[in-house]
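Novice: Just lifted these from TrEMBL, have a look:
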type	residues	note
DOMAIN	145-245	domain 'Purple acid phosphatase N-terminal'
DOMAIN	259-486	domain 'Calcineurin-like phosphoesterase'
DOMAIN	504-573	domain 'Purple acid phosphatase C-terminal'
REGION	585-618	region 'Disordered'
SIGNAL	1-21	signal peptide
TRANSMEM	637-660	transmembrane segment
Amino acid sequence: MILNFSIFTLFLSIFTSSANAEATLSVSPNTLKRSGDNVTIQWSDVDSPSDLDWLGIYSPRDSPHDHFIGYKFLNASPTSKSGYGSITLPLTNLRSDYTFRIFRWTQSEIDTKHLDHDQNPLPGTKHLLAESEKVTFGSAVDKAEQIHLAFENKPNRMQVTFVAGDGDERFVRYGETKDLLGNSAAARGIRYDREQMCNAPANSSIGWRDPGWIFHTVLKNLNPAVRNYYQIGSEAKGWSEIYSFISRDMYAQETRAFIFGDMGCATPYKTFIRTQQESKSTVKWILRDIEALGDKPSFISHIGDISYARGYSWVWDEFFAQIEPIASKVPYHVCIGNHEYDFPAQPWKPDWAASIYGNDGGGECGVPYSLKFNMPGNSTELTGTNAPVTRNLYYSYDAGSVHFLSISTETNFLEGGTQYEYIKRDLESVNRDKTPFVVVQGHRPMYTTSNEVRDTTIRQKMLEHLEPLFVKNEVTLAIWGHVHRYERFCPISNNTCGKLWKGSPVHLVVGMGGQDWQSVWAVRPNHPDLPIFPQPEESMYRTGEFGYTRLVANKDKLTVSFVGNHDGEVHDTVEMLATGEVISGSKDDAKSSNTAAAPAPVEVTSGSKDDTENPNVQTVPASATFVGKSEANDGSWFIKGAGLMVMGVVLGFIAGYFTGVKKGSSARNRWIPVKSEEI
């Protein structure tokens, strides 16, 4: 009897010990070498696991519980229901240690007032279950990273910008031979402080993180059109791997560029704001194209809404880590957008736009944008705060046979203002013998057929003040972002289609780089209450597909092709001849053909695929460019698509959010849900 009681006591103690076991959390490895290295987080002994149990990601490691940079639900691991599992994440070097914490969150504790940017409840931190040891970047914490290039005013130079953990002296050594980097350029380091942010969350303890030191230098006396190798660092801090780029050729007649807007970046975790998973595909396909070009030079133009950090500092780090594979190879140029600059104290907020220029910049007031990029020229505007002046607003450069002019739609562009006078002088001074084509780029579009009513007044002001300059100076092409779609217009001026681009520039909206908020197309005036969205006469091709555009030009012809991210192939093409003709940019021309010939790719081998091969892809078919457009068909696909999208949003939130399913984890080829709250 005593023996039986002893055995019972032993089993009871084992059972009790097991039931009271504390959750454990471990990470491997504990030291990483550079941004993008993976860490595996493992946990065990999570009692009574739930779909709301979550993993918080913290940097610095002493951050308060509710100051995470991101989070993942534990059910991302297939074994989480058994109380154990693992998640592997790539980590970006934020110049501070990471740590991880597991929390229990219950249905009754969901706070509908504590929401992320998509109005989803942020997870609660009341019940900490376990915390990991730290993960560090060790000696690599001060390594030069986030490398990106840009043209300089002189064509035989190239600007190099990068970030490091301290302000100690750094250099860029470079040369035309990989084994002999005989030239050296000292890099100047600057930084910005929390006090220079102008609003929350950028100046709050949740949004602010140490941005590191931003270094900049110029590589000089480069021979034209040759591959240059370069390396960043110092003897004391160590040297980076060797990168390379093709230098500019001031005598070149050919031009190659990749142009898009509103890309943002992807993060391997959920955070306070929406991130842009599709941006990874945009970078992937552009990298493919750059590599296919070999020793032919090219550059990138990102037309506003760059990282969508919205005041959360670490998102800028995630963005630059994501673009480094392309931005370290070719110049990466930018225009300022509303999500880089707009804030309540914005100096230029005229009465007619008081409700438009809001707090889209998350309190950054243009500072990260101004210091993290270095564009040609020296345009500046005051911020209205104690922050440094806003830079990189309007500038121009020649690339082959094209003159590019970048403008700011977020600062004063009205006649009589500084920017207007710059645009006027610049367009009037273009040498059309050297650069027969002129491309203007800015964030908010002058023309769009989306139902983006809030910008109506801005578009009217652009038509009043800027379009006459474009028409008079025979701008070839105007490219815009902001509306997260691709749309190509006929040669147009004063809302009327013309025959030639000379006097009627072609307008493109290319805000489809990654952000998935979309305003719906404008409704038909005689049916305002019906969800029918016919393609207007002036709109030659439009789609909600993610992607980017390729621009290729020589002295005789400028060609723009739209590449869809779902397959990396060309889905729309327009050609502008130096004589003024626009091929496939006019519906009259299109009606002369009964077949939808696939547009040939330029420079990179890839064909055009019939969208009917993939029924999930909701794009206007390529045939819309060549044959008359059917109103009935256009309305029908949109009605079906809109119904499915609304249902998907509702079901996705219910079934996805509380099971930890990542946004967009289903087939990439599906058209994303419409959100009209914000552009």
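Cβ coordinates are placed from backbone N, Cα and C, and glycine is handled just like the others.
Bear in mind that TrEMBL entries carry predicted annotations, made automatically and left uncurated.
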Novice: Let me know the model's mean pLDDT on the domain 'Purple acid phosphatase C-terminal' (504-573).
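Specialist: Taking every residue in the domain 'Purple acid phosphatase C-terminal' (504-573) and averaging pLDDT yields 88.
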Novice: Using DSSP, what is the helix/strand/coil residue split across the domain 'Purple acid phosphatase N-terminal' (145-245)?
Specialist: 3 helix, 50 strand, 48 coil
Novice: Could you put numbers on the helix, strand and coil content of the domain 'Purple acid phosphatase C-terminal' (504-573), residue by residue per DSSP?
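Specialist: Final tally across the stretch: 0 helix, 32 strand, 38 coil.
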